[in-house]
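Heads up, the thing below is written out as structure tokens.
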Amino acid sequence: MREIVHIQAGQCGNQIGAKFWEVISDEHGIDPTGAYNGDSDLQLERINVYYNEASGGKYVPRACLVDLEPGTMDSVRAGPFGQLFRPDNFVFGQSGAGNNWAKGHYTEGAELVDNVLDVVRKEAESCDCLQGFQMTHSLGGGTGSGMGTLLISKIREEYPDRIMMTFSVVPSPKVSDTVVEPYNATLSVHQLVENTDETFCIDNEALYDICFRTLKLTTPTYGDLNHLVSMTMSGVTTCLRFPGQLNADLRKLAVNMVPFPRLHFFMPGFAPLTSRGSQQYRSLTVPELTQQMFDAKNMMAACDPRHGRYLTVAAMFRGRMSMKEVDEQMLNVQNKNSSYFVEWIPNNVKTAVCDIPPRGVKMAATFVGNSTAIQELFKRISEQFTAMFRRKAFLHWYTGEGMDEMEFTEAESNMNDLVSEYQQYQEATADDEGEFDEHDQDVE
């Protein structure tokens, strides 16, 4: 039954991942010991997508936890759902990657990668029909970015026909841990462009703005940010975990969302945005959900969709609501804002509805957009990258681990190409084709 193997790498990946398992265990009625005590058959119908049923009716996440230092994993193990995971699936080193992509990708991470692949292989073998992998990691550090992308390429090698999906936290200057984030992120994007099928770009800057502006939290903590991420991840994976009318699996999502193989970086959004304490006071209507969901303030990537155009969109609605009303509202959005959707992909908005709402609200909606505006995010990283790289600042940390400057140049130009590709399709119109054909003939 269409299983997904989950991998979380590095500090950020493990913290988001742990939160994700808390949220979905709660939604499926699974307590911290792995026992089921839910109240609806729907919770168990597709439980095996993310959980393995072990002896004694215990449910165990199909998860592999990876880090180059033991700290974060110890806190996951000590956390509320720490006893849920298989103890053998914790794989960690002692050295740490020190926020250095090269350590994660070429030296320290490369030593640990085979142990991780053993765990992944074991999880994959216990699946009936594996549909793919999902990874949570950040692009700014050393382990999640360097070792995370190494794992992705190794898994890609071994399971070339399975879908690879990532939830990637993109660094931002407003919440910065390290000065070399632009290097690590650029080197990672260079890998993600080639090796993943779908990447959800989660942007700390956007999460901060949401907490600060919308939720009125004056000093947002990582806990608050991760709460938003886990709501989004839960929403994105709803179709995979519950039976529904438009039963998305990872492959169907990819087929609907990715018009060109390199342009698979999605902007997630979520509605209603409520802070942890004030969820129960007001119930939203379908029109309000739809309107909020397309609002730039609700996007988890700090890009303004009004600066670009949507190639494709997927929306997941959750809760008891009328399909008819949902369809009407979605059409309404498209008709009113038709200039923000490319006209050369007709029907480029897909909607799914699932009956089970997330905890604490009657209805919710999750938004996944493939928008050309995501180029703003890559431009931002690219500018910071170039500023340091032209002075060769901090490069010795990377060349010291055996990297070549050439690799930086390649990553830089690959990311710039990606930006131009998005720009090209943003400007393309339905009647451009004639021109392209003529060019082809000249070439011959």
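Note that Cβ sites are derived from N, Cα and C of the backbone, with glycine treated the same way.
Under DSSP, Gly144 (GTP binding site) is assigned to a helix (H, G or I) in the three-state scheme. As annotated by Swiss-Prot, GTP binding site applies to Gln11, Glu69, Ser138, Gly142, Thr143, Gly144, Asn204, Asn226, with the evidence given as similarity to another entry.
Neighbour list (Glu69 (GTP binding site), Cβ cut-off 8 Å, at least 6 residues apart, same chain): Phe92, Gly93, Gln94, Ser95, Gly96, Ala97, Thr143. Annotation source Swiss-Prot lists Mg(2+) binding site at Glu69.
According to Swiss-Prot, the feature region 'Disordered' maps to 423-444.
Annotation comment: Swiss-Prot describes 429-444 as compositional bias 'Acidic residues'.
Each of the binding-site residues Gln11, Ser138, Asn226 was ranked by the number of other C-beta atoms within 10 Å, and first place falls to Ser138. Compared over the binding-site residues Gly142, Gly144, the count of CB atoms lying within 10 A of a residue's CB peaks at Gly144. When secondary structure is read from DSSP and collapsed to three states, Ser138 (GTP binding site) falls in the strand class. Look at Gln11 (GTP binding site): DSSP puts it in a helix.
Other Cβ atoms within 10 Å of the Cβ of Asn204 (GTP binding site), summed over all protein chains shown, number 25.
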